[in-house]
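Colleague: The following block contains the structure, expressed as C-alpha cells.
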Amino acid sequence: MAEETVTPEPEIVKISVFTPLIYVGVVLSIFITFSIIYRKRRLQSLTKVEPLFKENYTAVLYQHLKDQYTNKDLPKDQRPHEKVMKAALLRRAVEAIRRSMKLKENEPVFNKLYQNGLIGDDIFKQYQIQIKFQELELKDIVTECETYKKGWVQTFFPLAQEICFNEALRRRLKASDDRAETFSKLWETYADKSEKSLESAKKVESKKTVEAVKAEETKDKVAEISEKVEDVKEEKEQEQEADEKHQGGDNDSSKSKKKKKNNKAKKN
C-alpha cells in the first residue's frame, strides 16, 4: 500500500490587537504632518501674494480699539465706548462693501482677460484670493456685529451700504469738480499757447510783408536806376552819332575846297 501523504498544517500567524491600531496611528500621523506642511507652504505662498487693494486702515483701527475694549486691565475711562466700537465696525463694513462691489464689477473683465491670455495665472490667482479674503472679512463683520446686539445685522448692512453709496456719489462729484478744474487749466494753457502762436504768426507775417514791401521798393529803385542808366547810354550814343556826323561834314567841306583849288590850278 502506498504511504499516505501528510498535508502540512498551515501556520497561524498571531497578530497583536495593537498592530492595526499602530498602523492606523502611523497613517494618521503621516497624513497630519503632510497636511500641516502643506498648509504652511500654502500660507507662505499666500503671504507672498500682493493684495489688489491697499491696507485696510478701518480694519486695523477697529482691531486696535477692540484690543483696548476687551482689555480688562485698563480702567473703564480709558477703554473706548460701545458707540465708538459700533461706529468703527460700521466704517469697517463700509470699506468691505466697497471693495467687494469693486471686485464684482471687475469680475467679467478679469475673466475675459484671463481667457484671452492677456493676464497670467498669478494675477488671476491674486484676484481670486482677494475675493475669498473679502468674503471672510464680511463673515467676520457679521460675527462682530452679533456680539454687540443680536439681530442688528438686519439693519446694520443696509445702513453700511447706504453710507457706501453716498460716499461713492461724493467721490464722483469731487472727481467731476477736479476734472473741471484740470480742464479749465488745460484750456487756459492751450488758449495762452494759441494766442502766443497767433501773435508769433502775426509777427512773422508782418515781417514778411515788410520784407516784401522793401523788396518791391528795392526792385523799383533798381528799375529806375536801370532806366536812368539806359537813358544816359542813349544820350551818349546820340552825342557820339552827332559828333561823328559833324566830323563827317567837316571832312566833306575840306575835300570840296581842295578840289576847287586843284581845278583853278589846272585852268591857270
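Here, residue 1 is simply the first one shown, and the rest follow in order.
Each Cβ is built from the backbone N, Cα and C atoms, and glycine gets one as well.
TrEMBL lists these features:
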- 20-38: transmembrane segment (TRANSMEM)
- 224-268: region 'Disordered' (REGION)
- 224-236: compositional bias 'Basic and acidic residues' (COMPBIAS)
- 243-255: compositional bias 'Basic and acidic residues' (COMPBIAS)
- 256-268: compositional bias 'Basic residues' (COMPBIAS)
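Give me the lay of the land around each of these features.
Modeller: Residues of the same chain that lie 6+ residues outside the transmembrane segment (20-38) never bring a C-beta to less than 8 angstroms of a C-beta in it.
Nonlocal intrachain contacts for the compositional bias 'Basic and acidic residues' (224-236), taken as residues 6+ away from its ends with a CB within less than 8 angstroms of a stretch CB, are lacking entirely.
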Colleague: Going by DSSP, how much of the compositional bias 'Basic and acidic residues' (224-236) is helix, how much is strand and how much is coil, in residues?
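Modeller: Grouping H, G, I as helix and E, B as strand yields 13 helix, 0 strand, 0 coil.
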